[in-house]
Amino acid sequence: MFRPRYYLTCFLLFLLVLSVLSISQSQSPSAAKKKRMRDKVRNMFYHAYDNYMMYAFPHDELKPLTKTFTNSLSELGNLKLEHLPQDYNGSALTLIESLSSLVIMGNNTEFERAVLWLSENLTFDVDARINLFECNIRVLGGLVSAHLLASDSSKKLFQGAYENQLLLLAEDLGKRFLPAFNTPTGLPYAWINLKYGVMENETTETSTSGCGSLILEMGALSKMTGDPIYESVALRALRKLWSMQSSLKLFGTTLDVATGQWIEYSSGIGAGVDSFYEYLLKAHILFGKEDFWKMFHSAYVAVQKYFRHGPWYHEADMRTGRATYWQLTSLQAFWPGLQVLVGDVIAANSSHREFFHVWKRFGVLPERYLLDHQMLHPTEKYYPLRPELAESTFYLYQATKDPWYIEVGESIVNSLNLYTKVEGGFASVKDVTTMQLEDHQHSFFLAETCKYLYLLFDDSFVHENNYVFTTEGHPLPVLSTWHEELPVAYIPTNWTFVKRRSTVNRISAMSLQVCPAMNLKSGQHIESACHIPDARGDYRCLTDEDCGVDATTCRRRSCSMAGYCGLWLII
């Protein structure tokens, strides 16, 4: 005879087994989907990579419709190559840009083969006029990143010994950059000849990004070679640019490197300025210098104050703060990813959802969309396989683990395969209204678009080390030997206050230098990176010191005569 307790025990065990099976089944579809999507992205990468190697290598980029090539490194910025030697075969740009992606996807054999080919064949001693900014983020950044990966013995990327071949190439290229910085202001020329330096009558016009987004790659080069000159010239240019800010802490878009005067006063967070903001924060993360953080903090608050309009960011005049252009540009889609790094997750999510809404409307993200007219820009209706939306999706998923971002990634992957995949690779979209294609597969499709999508579905690479990704998607490890310790004043004693001397000051999420969504204690909440809550939850106050900073406008709240905090003063 079995006792009732036995039946009860068996029944409970049966329920437990059903529960485990139910949990397993509820989790497995998500894991299975991520694995399936990871494999799909890997196939996309190799479809693009293999076609480049077959039809375009060793030239710069692939023309997938005609299965030919273009030496586009010297054509960036819509300016053509001058004095091109007849035997010039290109810089193998797409191969260089693909190096870290090969590592992330676990193809050590192809990575080693590519490194050996580059070390034996690549030369920068060519009579070619190149764009300094693009060559820095694509070629120098690709070489520096791949060298750091190859030097990491734990990754075992080489069967034989790695002998710093990529570092030698990077140093040679870095030396060829230096003449560009020989200006009265220290701001570099936008264009330089790799063989002869700055050409006679070279234009002195450049962009804010062009002279303010060099510090990661050139700073890393200095750290690796022990030669401070590369970091020094990049830092001098950055500091000069910083000194040119307006009284509103805003910057223009284009300037003259000879006079140090602004040419275009209107700017936003898109083309011409975007990576300047990005590199202020990432330089602080990579090198630990407090000056970078202070600059970014000041610039970010100004952006939130003068450019932000709900989830969107318009452009404004740096002198007055008045709105100039109400438009969405595809390059702005990087901004939510940057906001994640400073803990402004709510604002990041809000903007990201609007970008994705536009993506869903057109099937891809158009280059420029006029917000005030709710229409496409008449001449900029193209989509050149840009990575920025995928990049922000990756960062937001890392911060929140919200499965909705996996759905976003799946939608992006499906659109790319539906609209841009051709027999010879992936083609840019010339017109998003007709999905007419253009014969160009940009190198950043392999360096960034495929990489961020792959990391969204399989983030094992970032579990091994802390990395900063450059604006071209090249990972740079955060090394303690490169990092300066933060001063005691910036180390929080708890998650809402920082003690300095004998006083306690209320601070924002940005001042904490942490991601509040991941680090704040249970029950605490910071709405925006510039937000400082009022001293009391009921908004009562005695003086202005009891009032914080508004989360939406980033303006200081003040105490009214009735004793309540609010935006009573228009600043």
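Here, residue 1 is simply the first one shown, and the rest follow in order.
Cβ from N, Cα, C; glycine included.
Pulled from TrEMBL, these are the features on record:
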- Glu134: active site, proton donor (ACT_SITE)
- Asp274: active site (ACT_SITE)
- Glu367: active site, proton donor (ACT_SITE)
- Glu388: active site (ACT_SITE)
- Thr471: Ca(2+) binding site (BINDING)
- 1-26: signal peptide (SIGNAL)
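Around the Cβ of Glu388 (active site), a 10 Å sphere holds 25 further Cβ atoms from the protein chains shown. Note: Glu367 (active site, proton donor) has non-local neighbours Thr329, Ser330, His377, Glu380, Lys381, Tyr382, Tyr383, Pro384, i.e. same-chain residues 6+ apart with C-beta under 8 A of its own C-beta. Ranking the active-site residues Glu134, Asp274 by the number of CB atoms within 10 A of their own CB puts Asp274 at the top. Geometry remark: Glu388 (active site) versus Thr471 (Ca(2+) binding site), CA distance 10 Å. Glu134 (active site, proton donor) sits 14 Å from Asp274 (active site), taking the CA atoms of both as reference points.
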